[in-house]
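In what follows, a single structure is set out as structure tokens and then discussed.
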């Protein structure tokens, strides 16, 4: 299941509509440009063969991929991998399956893995929705992290947002009973949509009480990234939404 793809995003598909009325067209990303650094390219060569998994339209063998059986957390869109590496270091007893299509971000996380000697992360450089559909069996996950997905601020672009009912239904089905789904955003209108969508999913239950408006306190495991700290200093809010599988 392991490959070392070339650190190039040239062949990534464009972002189609993610309108909830067309669930087959949901994608977890939009195309972005960016260059890998020398250090990131070196990490691809040095540790990519071990930590990058090949996408295949068949159920993933978690034990083979990670070399052990352990609770598995899916992360969708890890950016430059800062929070991912922090959480993985705090939880060596858990496996982290991380999806990101943007090559500089993948290279950055590989570099962190190498520098911090993290053995519990595996990366799929592929659209997360196809990974969920074709590689993750029902009841296979212990948790899901979706931190700061693109908010698509303009109303006409809201339909492109990742967190919509079709995707949440897929994720809920793949969580084990008692597993959790944790979303975080710094855009209040998106936070409201996330809360509404997750609340409407029958297989999920909110962990927060009404006193917080349905939003959860920031879990200790999620670090404040440089980006988030910058936003807080500018007076921006951050909303965490944490639901569990019933």
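The backbone N, Cα and C atoms fix where each Cβ goes, and this holds for glycine too.
In Swiss-Prot, the S-adenosyl-L-methionine site is described by 100, 127, 150, and among 75, 82, 115 the residue recorded at this site is 75. Per Swiss-Prot, the range carrying the annotation region 'Interaction with RNA' out of 138-143, 144-149, 156-161 is 156-161. Take the Cα of residue 226 (substrate binding site) and measure to each of the binding-site residues 100, 127, 150: the nearest one is 150.
Across the residues annotated as binding substrate (154, 186, 225, 226, 227, 228), the two Cα atoms farthest apart lie 25 Å from each other. Separating the Cα atoms of residue 228 (substrate binding site) and residue 150 (S-adenosyl-L-methionine binding site) is a whole-number distance of 14 Å.
Residue 75 (S-adenosyl-L-methionine binding site) sits 16 Å from residue 225 (substrate binding site), counting Cα to Cα.
Across all of the region 'Interaction with RNA' (156-161), the predicted model scores a mean pLDDT of 91. Between the C-alpha atoms of residue 150 (S-adenosyl-L-methionine binding site) and residue 227 (substrate binding site), the distance comes to 14 Å.
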